[in-house]
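Asks: The structure is given below, and queries will be raised subsequently.
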Amino acid sequence: MTTQQEEQRSDTKNSKSESPSEVLVDTLDSKSNGSSDDDNIGQSEELSDKEIYTVEDRPPEYWAQRKKKFVLDVDPKYAKQKDKSDTYKRFKYLLGVTDLFRHFIGIKAKHDKNIQKLLKQLDSDANKLSKSHSTVSSSSRHHRKTEKEEDAELMADEEEEIVDTYQEDIFVSESPSFVKSGKLRDYQVQGLNWLISLHENKLSGILADEMGLGKTLQTISFLGYLRYVKQIEGPFLIIVPKSTLDNWRREFLKWTPNVNVLVLHGDKDTRADIVRNIILEARFDVLITSYEMVIREKNALKRLAWQYIVIDEAHRIKNEQSALSQIIRLFYSKNRLLITGTPLQNNLHELWALLNFLLPDIFGDSELFDEWFEQNNSEQDQEIVIQQLHSVLNPFLLRRVKADVEKSLLPKIETNVYVGMTDMQIQWYKSLLEKDIDAVNGAVGKREGKTRLLNIVMQLRKCCNHPYLFEGAEPGPPYTTDEHLIFNSGKMIILDKLLKRLKEKGSRVLIFSQMSRLLDILEDYCYFRDFEYCRIDGSTSHEERIEAIDEYNKPNSEKFVFLLTTRAGGLGINLVTADTVILFDSDWNPQADLQAMDRAHRIGQKKQVHVYRFVTENAIEEKVIERAAQKLRLDQLVIQQGTGKKTASLGNSKDDLLDMIQFGAKNMFEKKASKVTVDADIDDILKKGEQKTQELNAKYQSLGLDDLQKFNGIENQSAYEWNGKSFQKKSNDKVVEWINPSRRERRREQTTYSVDDYYKEIIGGGSKSASKQTPQPKAPRAPKVIHGQDFQFFPKELDALQEKEQLYFKKKVNYKVTSYDITGDIRNEGSDAEEEEGEYKNAANTEGHKGHEELKRRIEEEQEKINSAPDFTQEDELRKQELISKAFTNWNKRDFMAFINACAKYGRDDMENIKKSIDSKTPEEVEVYAKIFWERLKEINGWEKYLHNVELGEKKNEKLKFQETLLRQKIEQCKHPLHELIIQYPPNNARRTYNTLEDKFLLLAVNKYGLRADKLYEKLKQEIMMSDLFTFDWFIKTRTVHELSKRVHTLLTLIVREYEQPDANKKKRSRTSATREDTPLSQNESTRASTVPNLPTTMVTNQKDTNDHVDKRTKIDQEA
């Protein structure tokens, strides 16, 4: 026994607290030890020395029984079917809570007669109760109960109370004794009771307390309750982010040290050793692993009968289509618990995804769930929706915030610090806008528009942080660590002033940023200012992460600053030794910023936490902050206040991105941007930030759900509004200004058409000098260019016709070719001859006279093409439409890949099966496409790859046909294949783990379905599970689909080898037959044969072969 265990036993002996949970534990212990209740009060963990085992001391019978409980002997989906009694109890409880669940349960009842009976029984009980009430009400109002009636009613109440007493679980009123190293707070005890009630009613749930309220401790306490009170030792699976693996292990060691916790992590060999020697041998209670490890080790984890699956940061599975969500749904578990501080991020469909994971038998249809919360405009309907949402969420969701439950934790003070830009930042910001001025003005296509705008947004946000994030911006080489790191970024100027003040006050600071390269700059800054620091980002190893956290949190640590990336450092890290959080930039998802703040603002924090969020004023970051406030307000309305309207996703659309980019852009070009200098007063900046933060919060707190559904929650702003002015084109009497680069303005005569002016007018721009009375001439519409996909097989003649049409249009509008048309460089584009001549001089200076002459020659050639372009006639237009109709314009990429896959699966000549496999096209369409495809295959980019895939599929198909034929012929030669079929095993087959009967069964099943059958090996698995031959054959019943496919492949290889070497195998066949005819059945196989109808007990098999492999049943070896 360890010293730690002796100390714990000594502590528990001296403890005399008598909580209800402890009484129950003591009762259970007294039954096993034969002692009285009074002797065991407060000794929930004290067992006799004989009963306190180490792993090695446990008797073999204990491990055998434990392994039987931990490891499934059937497929998880069949094991789930055995839990129907839990399902009925769960349904009955939920129907008692609210009749709204009948909508969901009614769907399940259509396929389950027992659920139908349950619903009828509940309806019958309700009708009886209704009739009794109606009878009483219809009688005289002076009617008094007789003694007999009252006695009957009292007896019924007593009986019901007795039943409830036996069924009700013990209510925990204070911190239970099995929780060591501290006590649960009152609200944590309430959370433990809530988890216990979920367990008793066979429900899964979502523990959604605000970050920092001790969700980890509540979960560990609940698992301790299951272990020490309910005698459920496990197995429990806890899936957490990689960064919190060690934190969870430490928490278990601290609060419930006697629980056997295993962390599944490491390289492939290490994990394989853990799975083989610990997990599958049931030598653990709680398994902690990461999301990535669950995906990699799914086959091993799927074999255990989990009592609980706990998922930390459960919003990771909000997408039910993700790999993690789908894999975890395959696991067997009695119950599931989700832990998240952010239950709602975007919309209610994500909340449904979490509920669907917890209770798939109830929340199986997302459309039905969404229909519940469709909301009309009337206030009465809104009230009904709110009530419905509360009724649905109450049994599953527990959500509490710090302000309501944790009175000792001071509220954090958040301040948005609005910062101007330095001259260098302004210059880079303008340059980024000018680089893609068309996109800034909204002149982007639908297909590439959002990606193009996202790229601009990313670059602008980098500029707001520090211009040195761009290659070539930092002066050098040589590169120096000097004051220029600070005075070239507005945020760095304010950070420098703020950190100096915090250092004097004795505060300690966490600095978060999305960009790890910015942390590099901050590292240089800390080195320059002699600030001791730690750092964590996405590339930090698990060991280095733990070391950095311990170093920062140790008593009297010299570390002043902790640098973290928002995503890598915002999960599961306890840094309460810091009292100041600086968000250098804001995450798109406001919940990520909240998680970052709560690394310091959590239980255990004794100081007031200040959060400073840096925001670049009059730039894109202001819009990002408004977007974050909108999302947080939505969370507050839907979850914390119960407003249940179905909400549209608040993702960033193209208009949203455009609005962010345009915000403050005009001020940049007009030299009105907010500036900051080294002399800025930090007090004035903080005071201004506090005021603007209060205004922003007040604005969004006053908004309702309908207001939040608008673009950005303020009045009727759209993507065309910035600086309080609307630039959207409303009518002809108000012409909108186009945002022009600061370098120059373009001047063109209005008497001729210009393509640039034409597009400006279409998008919403125009000339300042346009008057209300002078109508502008309408520019002709540019002809649409069809850019077809290569697999759509447009006729080659179409390209020539489209070029002819484009040249004719340019000739018609007097289009002048510029250097931009040749080089694609906006710096070379001119608007008149004078500008072009000046640019030619610049080109000559930079690239030489030869480059200038070549550019001029190419411009002249292109202009000559336009000037001499022939007319595009009506006949040309008709011919163009005719050519377009010949292309396969209704075939998309998905249809094309479906055709390729079908050709690979069935062979290019099997048109019947190819037609059937493409559901989106008629058989005639597929046939016509196939003909053109094989004629013009080489016109497709990467045609060699597609052809190679088809040829590989055809070869595989031929091989399968050949194997099918050999197998069928071999089986047809036997009158009773299961008895007489002979498999020619190789001479060296000592490692073979399948016996002859299992191999024969697999071959007969494959012959039954065919090698090319869909889901062949799932069908084989089903045949094995349903066959009486293998009732007690644990080995074959626990083979996975992948293992069965490998075995079938090996057997087919043996059959092919037998066919290819007939002479060599002929002698073997005769010897084997002679031996097997004289060999009696093994006792095991004889018993199986007698239990199967029409299976003679004289089935010929090899007894020696069977006996050799009996001892190998529990091994999973690699096959030869």
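Backbone N, Cα and C define each Cβ position, glycine as well.
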Asks: Between T774, T922, T1079, which does Swiss-Prot record as phosphothreonine?
Replies: T1079
Asks: For the candidates S726, S742, S831, I need the one that Swiss-Prot annotates as phosphoserine.
Replies: S831
Asks: Looking at S17, S36, S139, which one is marked phosphoserine in Swiss-Prot?
Replies: S17
Asks: What mean pLDDT does the predicted model reach across the domain 'SANT' (886-938)?
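Replies: Looking only at the domain 'SANT' (886-938), pLDDT averages out to 85.
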Asks: Mind checking how the domain 'SANT' (886-938) divides into helix, strand and coil residues in DSSP?
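Replies: Across the domain 'SANT' (886-938), DSSP assigns the residues as follows: 37 helix, 0 strand, 16 coil.
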